[in-house]
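**Student:** Here TrEMBL flags 111-139, 159-179, 186-205, 245-266, 286-306, 341-360, 380-400, 412-429, 435-454, 474-494, 500-522 as transmembrane segment.
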């Protein structure tokens, strides 16, 4: 082997043409829109010559095709598979390529997998908010087992939501390690089991003196979420093609948001306010039993249907990643992320934006009831409006990024519009017009929730080639941290200053986050990596054609002298 300009090179035994070895990292860099930095092992892939007769025309066609995907890297000039070396992955699936085996394939089953994940994620997100949207009713029913001080009593009920945020922060690191070590199926089953366990524990807390049991059940559900929030990007990477990754990630977020929407809408209907504690207990019992039954069904479906991987990978980057997997140093990856100043700023700004969303969701019941007393159902419907609009925002943002890849501009624009939506929501509550509040809440939700997938993708772009599972986990941890701080701060503002002061606090926080977002450098590492590998492939083709032309000239020269003689 001799070293070429761009990497180690070999002489093709069949054609005598010098070829360039392309590493796993380089191929992953080209497929920037797909699978950022899941594996950084080195896999040799020889790019063979297509023949001098096709010349520059062939090279132009090859480059054009490569700019969209890597379809020509499957086989050599005689249809022989180029990639034949393989190592067993830690997850037990790394098929070797043979002459008869396909290289990449996108399966229809991917839609079943992502749909099942959405339902599973939806059920957990529902359990996050379904008690706090009827916080005044929960406080009334469990008053006997709550603190006497008003602020402490209300804050204790707020912890039914904040426990989700608190549990996530210390557990995200071991859960991410487990995801990388054991894979999707193990994490999905673990999360589904904890989810259904927490749901059945809630059935056992129908008594005014059992708030502690209710909190324990909610804590179990909160632990289950750590196996959910980090999965959308991984599912998209493993099951979906490179041009579907951002959209698939958005669909993963979609399921979570639908669960929040149901959590806003259904509880005020099933558990209306009543002066009878016995009636409230009966209504809570119906809600808890229905939820536990549904989540039991989901748990069974996850065990039966949810698969680790498709039979063949959906993209070239996944194919190469599976053929040369090695152990990642998780601590080193974290250190690299923390050294990235742009990612550090994004971690804070993402946490602020999403933390504001968590605070609004947790405190929506007292915020709305302060301006519209007795409108528990309206509070739930406003929450539903925020989430439904946010679902549209998430999907639209994912599609927009897939087409434009304008990560910083999109992130900054959505952040500013989230702040504007919050300001409008704050100052229209005083008008006393519910339809105006619904309209502003929809605008707020569209941009604030639409920011979620944009933040994930921007992080993956500026931290490439680090694992996007690790970067998204850190973003979520930041969101939980700021969610707790902002929820407690806003609750204190509501009790001491009023709801207006709480809303102004959130608006000011979003303004600060918008300003900080502007300082994040547009360091599009994945896109630059894709351009670099295209340039390398151009040079490879030029070298190969030049050498072949020289060889033809050397062969033709003796023949010319013979003809002259």
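Glycine is no exception: its Cβ is also placed from the backbone N, Cα and C atoms.
Unlike curated entries, TrEMBL annotations are predicted automatically.
Help me picture where these features are in the structure shown.
**Tutor:** For the transmembrane segment (111-139), the list of distant contacts is 146, 153-154, 157-158, 160-161, 164, 188, 191-192, 195, 198-199, 214, 218, 221-222, 224-225, 228, 231-232, 235-236, 239-240, 248, 251-252, 254-260, 262-264, 266-268, 271, 273-274, 280, 287, 291, 294-295, 298, 301-302, 305-307, 361-366, 369, 376, 379-380, 383: same-chain residues at least six beyond its ends, Cβ to Cβ under 8 Å.
Remote same-chain residues near the transmembrane segment (159-179) are listed as 128-129, 131-132, 138, 186-187, 190, 214-215, 218-219, 221-223, 225-227, 229-231, 234, 330, 358, 361-362, 469-470, 473-474, 476-477, 479-481, 483-484, 487-488 (criterion: CB distance under 8 Å, separation of at least six residues from the stretch ends).
If you look at the transmembrane segment (186-205), the same-chain residues 6 or more away from its ends with a CB under 8 A from one of its CBs are 117, 120, 123-124, 127, 175, 178-179, 211, 213-214, 216-221, 223-228, 231, 285, 288-289, 291-292, 295-296, 298-299, 302-303, 306.
Same-chain neighbours of the transmembrane segment (286-306): 112-113, 116-117, 119-120, 123, 126-127, 130, 184-185, 188-189, 192-193, 195-196, 199-200, 202-203, 205-206, 266-267, 270-271, counting only residues six or more beyond its ends whose CB sits under 8 Å from a CB of the stretch.
Taking Cβ pairs closer than 8 Å, the transmembrane segment (435-454) reaches residues 246, 249-250, 253, 257, 350, 353-354, 356-357, 360, 368, 381-382, 385-394, 396-398, 401, 407, 410-411, 414-415, 417-418, 421-422, 424-425, 428-429 in its own chain, all 6 or more past its ends.
When Cβ-Cβ distances below 8 Å are used as the criterion, the transmembrane segment (500-522) is approached by residues 341-342, 345-346, 348-349, 352-353, 356, 359-360, 363, 367, 407-408, 411-412, 415-416, 418-419, 422-423, 425-426, 429-430, 458, 462, 486, 489-491, 493-494 of the same chain, each at least six residues removed from its ends.
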**Student:** Can you tell me which recorded stretch out of 341-360, 380-400, 412-429, 474-494 has the most Cβ pairs within less than 8 Å of the transmembrane segment (245-266)?
**Tutor:** 380-400
**Student:** Check the transmembrane segment (474-494) against the transmembrane segment (380-400) for contact, please; criterion is three or more CB pairs under 8 Å, pairs 6 or more apart in sequence.
**Tutor:** no
**Student:** Could you give the residue numbers and ranges of same-chain residues that sit at least 6 residues beyond the transmembrane segment (412-429) on either side and whose C-beta is under 8 angstroms from one of its C-beta atoms?
**Tutor:** 349, 353, 356, 367, 371, 393, 397, 436-437, 440-441, 443-448, 450-451, 454, 499-500, 503-504, 506-507, 510-511, 513-514, 517-518
